[in-house]
Amino acid sequence: AVMVTGVLVKTCLLGALALLCIGTAHADENPCEATDTSPIDYPQALCMSFFFYEAQRSGKLPENNRVPWRGDSALDDGADVGHDLTGGYYDAGDMVKYGFPMSFSITMLAWGLLDFSDGYSKAGQTDYALDAIKWGTDYFIKCYTSTNEFWGQVGNSEIDHYLWERPEVMTEERPSYKIDEENPGTELAAETAAALAASYLVFRDTDADYAEELLALAKELYEFGDNFRGNYDDAIPDAYDSFNGYGDELLWAALWLYRATEDESYLTRAEGHWDEFNFEYSAAFQFSWDDKTAGIYALFWLLDGSQKYLDHLTTYLDYLQNTAPYTPEGLVFLSEWGSNRHAANVAFLALWAAKQGVDTSVNSEWGQDQMDQLLGANSRYNMTFVVGFGDKYPERPHHRSSSCPDPPEVCDFGWAFTQPGPNPHVLYGALVGGPDENGDYEDDRSNYVQNEVACDYNAAYSGALAAVIELI
């Protein structure tokens, strides 16, 4: 054994070559077989996306866990407040459970499964999608501990982000944060309501009792969010900021409840939110965990059929295709942080619109082109932006558990940021942040803007993959 940059390395080559040894990726097997789809294997990419969600699981893992380097973790979550808050998903490369982006991820996974079910079926991924959704909804049920009391975060960013370790061996404090009547959080309550209502629709034909439980909780959370209004990041100051307020989440939740129940009162309330928050005069730029405006245009038109909602949707899609900034490679560029995620989110909307008969050829071609950019159809780097997919892909995602070597080797900041090689484990299926507007991209573990991964990055992306499989 030799000591290299403070890390004990066993059974490695001696001397200067030791760095090459510790930088060698673990021989993890790809859990997803290649298919005969060409030139891009969309079904394999979709399969791998759900492996990524399994790698993000917190809590006690099931017997069918496919991630060999993950084990049970954070089994005391909620002990500080006397509730079982185990489960759910770690948000990104860190190990905080942020409820707001987590709930949006579940909403989008459910929407993709609902409206591109044939794509999921063709790829053989329906059951994996249901498992991924249920891992989130089971956690949300735990988080609703009393009327108008919902736990929206476990873990503290300042504590968590100053550590680098395997989730299985965490010993730091993981405080729990809630919203309630005295400290309301409308965005969180309403987005979770949307996630549960959408999930009700995907489970109602296979597990009716569970679906009804989700729907009942969705209704209560929507009422909580509407009756006790307040920005959730005031109630949970450590959470991600909600930059555009809670009007979009209230409207989004009302629409999903209307879709789930066909109760006209929810449509009436959605129309009220539209007027109250001046959506008629809104302009969408992104579609994300924080801003649902563009998705509202689509869902409102689907459920109501009014031309004004379709006009808003087509105006937005026209903006994306003809006015929005692009990288030199042709990837629509809506934010420096997680540019790939934003491209995948709007690709989903374009492909969804195509299926609904809205400028079908234009929207399907544009949406597929954006997805192809992510999956390797880019001439500058000739690589995919999905870990483990294709011949060349990001090898150093900013992600704790996959960057840690097998025990008993040390895993800390010194390990992660001094060894230059690939992560010891391949985080199959994870979509990394992506290039800047100039198209510059760096496969660097320390570059969390371009090379971090997150649950919301893969959510609409998964639905868009299913859409391409279904529509091509």
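From the backbone N, Cα and C atoms, a Cβ is placed for every residue, glycine too.
A TrEMBL annotation is a machine prediction, not a hand-curated record.
What TrEMBL says about this one:
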type	residues	note
SIGNAL	1-27	signal peptide
DOMAIN	42-465	domain 'Glycoside hydrolase family 9'
ACT_SITE	Asp443	active site
ACT_SITE	Glu452	active site
Rounded to an integer, what is the Cα-Cα distance in Å between Asp443 (active site) and Glu452 (active site)? 10
Mind giving me a neighbour count for Asp443 (active site)? Other Cβ atoms within 10 Å of its Cβ, every protein chain shown. 19
Once near-sequence residues are set aside, which residues in the chain of Glu452 (active site), 6 or more away, have Cβ atoms under 8 Å from its Cβ? Ala92, Gly93, Gly338, Pro397, His398, His399, Val432, Gly433
